[in-house]
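Trainee: TrEMBL lists these features:
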- 64-90: transmembrane segment (TRANSMEM)
- 97-114: transmembrane segment (TRANSMEM)
- 146-166: transmembrane segment (TRANSMEM)
- 220-244: transmembrane segment (TRANSMEM)
- 256-277: transmembrane segment (TRANSMEM)
- 314-333: transmembrane segment (TRANSMEM)
- 345-362: transmembrane segment (TRANSMEM)
- 382-402: transmembrane segment (TRANSMEM)
- 409-425: transmembrane segment (TRANSMEM)
- 440-471: transmembrane segment (TRANSMEM)
- 495-674: domain 'STAS' (DOMAIN)
Amino acid sequence: MPDIFRGVANELFLLMCSSQRAKAAVLTFLPILTWLPSYPVKQYLFSDVVSGLSTGVVQLPQGLAYAMLAAVPPVYGLYSSFYPVLLYTFFGTSRHISVGTFAVISLMIGGVAVREAPDSMFYTLPANGSNISAVLDVEARDAKRVQVAIVLTTMVGIIQIALGLLRFGFVAIYLTEPLVRGFTTAASVHVVISQLKYLLGVKTQRFSGPLSAIYSVKAVFSDITSANITTLILGLACIVFLYGVKDINERFKKKLPVPIPGEIIVVIVSTGVSYGLSLSEGHKVDVVGKIPTGLLPPAAPEFSLLPNLVTDSFAVAIVGFSMGISLAKIFALKHGYSVDGNQELIALGLCNFVSSFFKTFAITCSMSRSLVQESTGGKTQIAGLLASLVVLLVVVAIGFVFQPLPQTALAAIIMVNLLGMFKQFRDIPTLWKTSKIELAIWFVAFVASVLLGLDYGLLVAIAFAILTVIYRTQSPKSAILGHVPGTGMYCDLEEYEEAVEYEGIKIFHSNSSIYFANCDLYVNALKKKTGVNPEHLQAALKARKKQKEKVNYNHASPSKICGVTSEIVSNNHLMEEQRNCQSGEVHSVSDSEQSVFLKPPGDVTSIILDWTPVNFIDTVGAKAIKQEYAAVDVQVVIAGCSSKYYDDSTREVLNFFMNTDLVFPTVHDAVLHCQHSHPAAAPGIQMTREETIPSP
């Protein structure tokens, strides 16, 4: 019976454990379940409603504007401002970021869409066969670009979900802050250049790929004489108004209950002016055009386009995630909660993958909208849910109202929203003072992204950032340490005057790990700093051995030493010459030569390798040290191997080239050992041979 009860108890325990694990997995996958049941309605609801409405008012014009960057009709920007935001409410871990369309991601998508569906593919001749030049089929071109954007978004979602399930949330750390800021600054330059033609009303083609920014600027200014003055005046007026509103919001943000919605004011006023003055027909001002009412049914993407988009999908997925997680961590730190990088990957992946079946393009969080959502009192993603409902209302009911909206007004909205990005140029003097290497990363990311395009520029920037890591490990700072009297501290002799070096002991410190890429540099620095060059010692040893063999040979052949052969001298004379040579000439030569080679170049008896900053050492690094110092009569001791560092793998490497009895946890212990091994070791002339250093 007890066995039966024990078995039943084990089954119940396993069932309870399984249910707990299942519950934890569900809560991790659906973070909304962790806070929605305990949502404080009285405290949070009003703030979330105000924040949601304010964010939705901003999200609406940005969705229309960023669709232009993605090279798709404006209505698809509205779709992308609804479905992903709705999904993130359930799967996201951040309470304050606002996901949806974003300038950098939209521009990257637009570059791919233009590359895969350029205007040149859609010029057709008139059906009547007249001599009229070919006409651009705009509807066919836009349909193809929408397909490209949708397939790209599907692939981005799959990549992000896969990385999240594989716990690859840490990949964002490889996009260091200077790299991201330089990259986003370059993206802002691309965005502004792409909007010049809309601001001026110039008809030029859209370029993609390397040097596309230069080609775009050249195309705009070469055709600037055909600029539409009405378009330019309206666009500049919108820019001035938006800049003024942003300045007021910034100056009086503590006094204003909610920020002034400058974007929606521009959209409403410019739409009314365009409709009232018939700017499209009378003044040839480009407008948004047809906006279908209602939502489209789900449809499968055109997966035949997938092979050409894999590389671009990875770039968009990584950049989108890095933008999202960086802002999420900022707000989480400010408001005292945590975000899960892996769940954020899954959430963004689901937003992109599921939404792509409803004709959306890739999204991430927007800095400007997130600041609006947080500054207007948003507490949870209920604010994001309400913002998406504002966009849904426009799509379902009143989308047609915005058909007369001038494109130059949207260009003005995009340009003014990028002012914060251009403030990142202030990083240059700061990085110049703090870190030249990080400044180089920022500069390379900016220049490469401007000249080569955002996709190739990002790859170049990441490669350069990795090279800087290799450069830092290959250019470590090395020093000889000395003891500070009365303490257990060991400091650089060149930086601390009180540090004293012990006679016969050299303590070598290098702030880098030792592996195949820098082991030669480590050994060279070790030779230079300690003054113990194994090559010179071995050369002296060989010379000494050669001299000894010469002396032995002279003793064995005395007739040849004195220059007389045994055939022409008598035995007595031979013995006399031999005695003369041995007592005078030979001794004088051998003694003088032995005085050069028998005396070692220096009196170093022990070398202590301070491995306190060393994270790892591979067999190549171990072999390099072994080959240099194995045959030298100098004791090599290792210090600074902590219990966490001195694991099984490291112990095997150490056993590879030296006795592990000569490995000590601190430099102080290593010095004590060397003093007992060689009692003559003392700090200069201040201590006798019998004394040892005090314990710390």
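Each Cβ is built from the backbone N, Cα and C atoms, and glycine gets one as well.
Because TrEMBL annotations are produced automatically, they should be read as predictions rather than curated entries.
Could you give the neighbours, burial and distances for every feature on this list?
Mentor: Beyond the transmembrane segment (64-90), the same-chain residues lying 6 or more positions past its ends with a Cβ under 8 Å from any Cβ of the stretch are 30, 32, 98-103, 106-107, 109-110, 113-114, 142, 145-146, 149, 191, 194-195, 198, 206, 267, 288-292, 295-296, 347-348, 350-352, 354-355, 358-361, 363, 381-382, 384-385, 387-388, 391-392, 394-395, 399, 402, 405, 407, 410-411, 413-414.
Here the transmembrane segment (97-114) has long-range neighbours at 55, 59, 62-63, 66-67, 69-72, 77, 80-81, 84-85, 88, 145, 148-149, 152-153, 184, 187-188, 190-191, 194, 206-209, 212, 309, 312, 315-316, 319-320, 323-324, 327-328, 331, 348, 351, 361-366, 369-370, 372-373, 384, 387, 414, 417-418, 453-455, meaning same-chain residues at least 6 beyond its ends whose C-beta is under 8 angstroms from one of its own.
If you look at the transmembrane segment (256-277), the same-chain residues 6 or more away from its ends with a CB under 8 A from one of its CBs are 50, 54, 57-58, 60-62, 64, 234, 238, 241-242, 245-246, 248-249, 283, 285, 287, 372, 375-376, 401-402, 404-406, 409, 412-413.
Within the chain, the transmembrane segment (314-333) has long-range Cβ neighbours (under 8 A, six or more residues past its boundaries) at 93-97, 99, 102, 104-105, 108-109, 152, 156, 159-160, 163, 169, 171-172, 175, 180, 183-184, 339, 341, 344-345, 348-349, 352, 362-365, 367, 370, 374, 454-455, 458-459.
Beyond the ends of the transmembrane segment (345-362), by six or more residues, the same chain brings 29, 67, 70, 72, 76, 79-80, 83-84, 87-88, 91-93, 99, 101, 105-106, 109, 146, 149-154, 156-165, 168-169, 295-296, 298-301, 316-317, 320-321, 324 to within a C-beta distance below 8 angstroms of the stretch.
Counting residues 6+ beyond its ends, the transmembrane segment (409-425) has Cβ neighbours under 8 Å at 61-62, 64-66, 68-69, 74, 103, 181-182, 184-185, 187-188, 191-192, 195, 198-199, 234-236, 238-239, 242-243, 246, 263, 266-267, 270-271, 288, 367-368 in the same chain.
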